[in-house]
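Colleague: First, the structure itself, so that you have it in front of you.
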Amino acid sequence: MFSLGLRCYARHASFKLPSPVVRWAPNPNARAFRSTALKRFPRGPAHDIAAAPEVELFRETLKKGRPELAFQEKVGKPRIRNQVLFVVFGSLLTFSYAASRTNIETEYWKKRLEAMSPSWQLQTITSLDLKRAQNAELIRELREWFAAVNRFTQEYVPSLIRPWISLGLVNVLQPYADASEGKRLCWKICLLNAGVYLAWKIKRLQPAMAVRFMHNPLSGLSYTLLTSMFSHKDFFHLLLNCLALESFGSAAYFYLMSEQNKMDPPMLESTGAPHFLAFFISAGLFSGLVSHVASVKILYPRLVKYLSLPTLVAVKPETWAAAVAASSAKPVAAAVAKQAAPTILPSLGASGAVYACVTLTALAFPNSEVALFIPPSYPVNIQYAVGGIVAFDMLGIMRGWRVFDHWAHLGGAAFGVIYYAYGPAFWAHMRRTFEIPPPPSSSPETQ
């Protein structure tokens, strides 16, 4: 060891020591140490061949003691607990905020109406009176804003362009003021959908939009059930949903407002916007949850079962004839496998919430007639039309069509039916739960 260290150091320093300085002497214990080490740690081809059967036997014992997992157990099963909790508590939170907000708005406009004239304190105030006061306030604000814009254009805009700006504002503000509150609310939702659609057209945002504004049942995310209902990638999809929401949404809004007057006792309601928004969001969440459960509990097991088929396992051909037969049959087998394999696609769009508005309107106004705007068609009874589109979605599920999210459509339709039966009573209960207590009346003795 001493000589080896000196040799390495000498090679590094580029000089040699004189030969008499380092002399090697045999160690009498080296041979005994080597023989002992070989006995304890044998090596060589003979030992490897002798020990190989023992290693193989040990591996076979482990395999027998540990059973091999099936393919279904290896890939696992996605859960639906988080999504169910998100929809349930999200809907309850939405309705709680909507009921509280409605009570606050109603109390505010009631006090303001009583302060306008002492005569209101001597007569009964109705919900229609509150809506008229609120609409008058909206018209006043629009006129003030229009006057402010005109003053700005007179100072900074050339006189040639000034009339066109005023004419454009009138054509926008006048229909907005004449429309009902329900239709104005549907327009705002359509504008939100249009904004998300424009975000899809920005290439830098598309990767983030695909994660946060599309619901993938296998991603494990829950908040995308909410964001995906305002997301549209295709313009035709956006146009159809907005047209349906503008017509059926305003009708559903009118029905929800009219049901409050039928309560015993009747409940004042100055605005129905929070109620309709809670209904719309809850319908979208429920329809997305139905689609999620169908994908996880129905489509996913079919996909796993398909992937675990023995015919999909690659077998190594042992002969030349088998190899030729396998190569010729491979394209056909791939085409058949591609057609038969179930797919789980991400979903997006407000179709589920719109379906809830459609079914609610069909049940509330059974004698109404509807007609398609694109393409133009003859008017038919609304219940026949709704029955036709529900049958179309059921056929799409049975046939395995994946162009539309048929499960979400049926989920939205079911939510509309359920809300028609129990929604008004549930909303009245939420209103009473968050009711604002009246101020204590002052008596002459306490003054």
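Using the three backbone atoms N, Cα and C, a Cβ is placed for every residue, glycine included.
Note that the structure is a prediction, hence the values are computed from the model and not measured.
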Colleague: State the residue range annotated as transmembrane segment by TrEMBL; the candidates are 82-101, 342-361, 382-401.
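Modeller: That would be 382-401, per the transmembrane segment entry in TrEMBL.
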Colleague: May I ask for the residues of the chain that lie six or more residues beyond the transmembrane segment (382-401) and have a Cβ under 8 Å from a Cβ within it?
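Modeller: Apart from its flanks, the transmembrane segment (382-401) reaches 342, 358-359, 361-362, 365-366, 368-370, 407, 409-410, 413.
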Colleague: Count the residues of the domain 'Peptidase S54 rhomboid' (223-295) that DSSP assigns to helix (H, G, I), to strand (E, B) and to coil, and report the three numbers in that order.
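Modeller: Output for the domain 'Peptidase S54 rhomboid' (223-295) reads 56 helix, 0 strand, 17 coil.
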